[in-house]
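**Q** Taken from TrEMBL, the feature 5-phospho-alpha-D-ribose 1-diphosphate binding site applies to Arg78, Arg103, Asp130, Pro131, Met132, Leu133, Ala134, Thr135, Gly136, Gly137, Ser138, Asp199. What TrEMBL lists as uracil binding site is Ile193, Gly198, Asp199, Ala200. Residues or ranges marked as domain 'Phosphoribosyltransferase' in TrEMBL: 7-207.
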Amino acid sequence: MSVREIRHPLVQHKLSLLRDKDISTRSFRELTGEIGSLLTYEATADLELEEYTVESWIGPTAGQRIKGKKITVVPILRAGLGMLDGVLSMVPSAKVSVVGLYRDEETLQPVTYFEKMASDIDQRMALIVDPMLATGGSMLACIDMLKAAGCEQIRALVLVAAPEGIRLIEEKHPDVELYTAAIDERLNDQGYIVPGLGDAGDKIFGTR
Ligand code: PRP
Ligand code: URA
């Protein structure tokens with residue numbers, strides 16, 4: 001797996017605001033979406049273009065449009081929904097394939113409870129969105145589900161990644177590309193990323 005830590009000043013500024021322990025639900029939600037947009041901008045920078053003719057106000061003019069594979073955005077419920085609108089603001093025509101997973105608090109193992117993929121997912125590039133890559137178990141389960149459905153090109157966008165999760169995905173799926181706003185230090189005994197953001201789902205939905 002290739003890993004890109006996006007050091008863009010806007011991303012780092014917004015991520016630091018997200019780490020504030022007193023942040024409001026509203027601000028956490030807004031910033032999560034905004035970073036989602038910026039990560040999408042980076043993750044789509046190498047999409048191939050093709051030439052076509054635009055019928056402009058002065059007649060035919062050379063234009064460019066994205067060629068080939070279209071995108072499906074794959075939010076991992078629940079916290080991935082917090083990034084979805086921001087991602088779709090960059091790729092508004094993308095189809096959305098939803099995967100429901102939660103992490104068992106005792107075992108830290110992912111539990112799957114929902115799956116609804118785009119019907120033509122085998123012809124699309126998947127952009128998985130989830131704020132946190134901790135042990136990597138949830139991301140691994142999602143990638144396995146996408147590949148089982150025939151998806152061949154997969155990129156993952158996360159706000160914060162732990163080295164443990166990166167190692168797991170690198171080992172199991174070396175073809176997947178990861179875009180993250182930060183690679184943090186480690187996991188604590190409860191499987192939370194340090195320094196991380198705390199429980200991202202609770203902060204996005206105001207359930208903490
Ligand atoms: C969080 C997060 C990831 C997962 C990461 O979800 O959004 O999906 O944990 O942990 P892992 O890398 O160790 O699997 P959570 O299980 O808290 O569910 P939620 O999104 O419904 O809050
Ligand atoms: N899930 C979260 O929301 N935060 C973490 O640090 C790890 C998993």
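Cβ coordinates are placed from backbone N, Cα and C, and glycine is handled just like the others.
Tell me about the setting of these features in this model.
**A** According to DSSP, Gly136 (5-phospho-alpha-D-ribose 1-diphosphate binding site) sits in a coil region rather than a helix or strand.
The secondary structure of Gly198 (uracil binding site), as reduced to three states from DSSP, is coil rather than helix or strand. Sequence-distant neighbours of Gly198 (uracil binding site) (same chain, 6+ apart, CB under 8 A from its CB) are Lys21, Tyr192, Arg208.
The predicted model assigns the domain 'Phosphoribosyltransferase' (7-207) a mean pLDDT of 97.
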**Q** List, in sequence order, those binding-site residues among Ile193, Asp199, Ala200 whose Cα sits within 10 Å of the Cα of Ala134 (5-phospho-alpha-D-ribose 1-diphosphate binding site).
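**A** Matched binding-site residues: Ile193, sequence order.
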**Q** Which binding-site residues of Ser138, Ile193, Ala200 contact ligand 2 in the sense of C-beta under 6 Å?
**A** Ile193, Ala200
**Q** Checking proximity to ligand 1 here: which binding-site residues out of Ala134, Ile193, Gly198 have their Cβ closer than 6 Å to it?
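**A** So the answer is Ala134.
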**Q** To the nearest Å, how far is the Cα of Ala200 (uracil binding site) from the Cα of Arg78 (5-phospho-alpha-D-ribose 1-diphosphate binding site)?
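**A** Cα to Cα, Ala200 (uracil binding site) and Arg78 (5-phospho-alpha-D-ribose 1-diphosphate binding site) are separated by 9 Å.
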**Q** Relative to the mean position of the Cβ atoms of Ile193, Gly198, Asp199, Ala200, the recorded uracil site, which additional same-chain residues have Cβ within 8 Å?
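**A** Neighbours found: Pro131, Met132, Val160, Tyr192, Gly196, Leu197, Gly201, Asp202, Lys203.
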**Q** Using only C-alpha positions, which one of Arg78, Asp130, Gly136, Ser138 is spatially nearest Ile193 (uracil binding site)? These are the binding-site residues in the record.
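**A** Nearest listed residue in space: Gly136.
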